[in-house]
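**Student:** Encoded as structure tokens, here's the structure I'll be asking about.
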Amino acid sequence: MKKLMVGNWKMNKNGKEAQQFTEEFNSKFTDKRDAWIASQALFVKLIINSGIKAGIQNCSEHVNGAYTGEVSPRSFKEMGGHFVILGHSERRQYFGETSKGLNAKIRTALAEGLEVIYCVGETLAEREAGQTLSLIEDQLHQGLNDQSLANATNLIVAYEPVWAIGTGKTASPAQAQEVHAHIRNVLKAKFPAFGDKTRILYGGSVNPANVEELLAQKDIDGGLVGGASLKPADFLALCGDR
Ligand code: PEP
């Protein structure tokens with residue numbers, strides 16, 4: 001399977017900048033790797049119209065109803081949306097999201113036919129306390145806890161050490177591989193029908209200089225990228241188009 005690079009633009013870029021990005025990116029992209037982009041929900045139509053697979057960075061656990069301010073995964077799918085990022089560490093940190101609470105969002109989004117990128121990862125204090133692997137296992141079991149997920153082939157897991165997000169500090173390829181191998185084993189045991197094929201992305205200060213050695217690791221199937229997805233040239237380099 002091709003490596004997958006996902007840009008997480010967070011709450012950056014206005015409509016004009018998003019348009020310019022898609023035009024420049026598309027003029028040079030050669031499809032060596034899969035490339036998806038999660039923009040602000042306001043601009044997803046623009047991404048969809050450009051032909052790039054579009055994502056949102058959160059969604060409701062409900063498909064419609066009296067939930068003021070929420071974004072429906074059903075409506076997003078209907079308008080041509082492709083994926084949703086759930087459980088990003090910024091959502092956990094600033095909006096109080098928990099793995100247990102995310103379970104309902106994950107189930108709804110998968111049931112609506114979206115690909116779900118479920119983010120897990122430890123803080124620096126948790127790593128230093130030697131809790132990384134057990135904590136990630138808990139995040140996987142809690143977020144993915146339900147029989148209805150037994151056929152969740154649209155599931156993708158992103159390992160994003162919190163201490164490496166937006167900090168310029170990257171996990172070494174060996175550190176990342178150790179965690180990815182553990183995630184692979186947990187997924188295989190939990191979902192025997194497809195767990196060995198679930199894509200596992202690495203996120204945390206991925207950039208054109210470090211991407212190839214990360215992607216060379218056996219269990220790293222791609223990247224979830226913040227800062228380096230904002231400039232077309234950088235994101236193209238991550239997609240193998242230098
Ligand atoms: C992210 O926000 O998912 C991320 C990995 O950010 P950055 O690449 O900037 O560290």
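A Cβ is built for glycine as well, from the same backbone N, Cα and C atoms used for every other residue.
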**Student:** Which one, SER50, SER60, SER134, SER205, is listed by TrEMBL in the same substrate site as ASN8, TRP9, LYS10, GLY166, GLY226, GLY227?
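**Tutor:** The record-listed residue among the candidates is SER205.
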**Student:** Quick check on the binding-site residues: of ASN8, SER205, whose CB has the lowest count of neighbouring CB atoms inside 10 Å?
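**Tutor:** Ranked by other Cβ atoms within 10 Å, the binding-site residues ASN8, SER205 bottom out at SER205.
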**Student:** Using a 6 Å cut-off on Cβ distance, which of the binding-site residues ASN8, TRP9, GLY166, GLY226 come close to any atom of ligand 1?
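**Tutor:** Going through ASN8, TRP9, GLY166, GLY226 in sequence order, those close to ligand 1 turn out to be ASN8, GLY166, GLY226.
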**Student:** Please identify, from the recorded positions LYS10, HIS88, the residue with the sparsest Cβ neighbourhood, meaning fewest other Cβ atoms within 10 angstroms.
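**Tutor:** Fewest other Cβ atoms within 10 Å, among the recorded positions LYS10, HIS88, is found for LYS10.
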**Student:** Whole-number Å only: compute the distance from the Cα of GLY226 (substrate binding site) to the Cα of GLU160 (active site, proton acceptor).
**Tutor:** 11
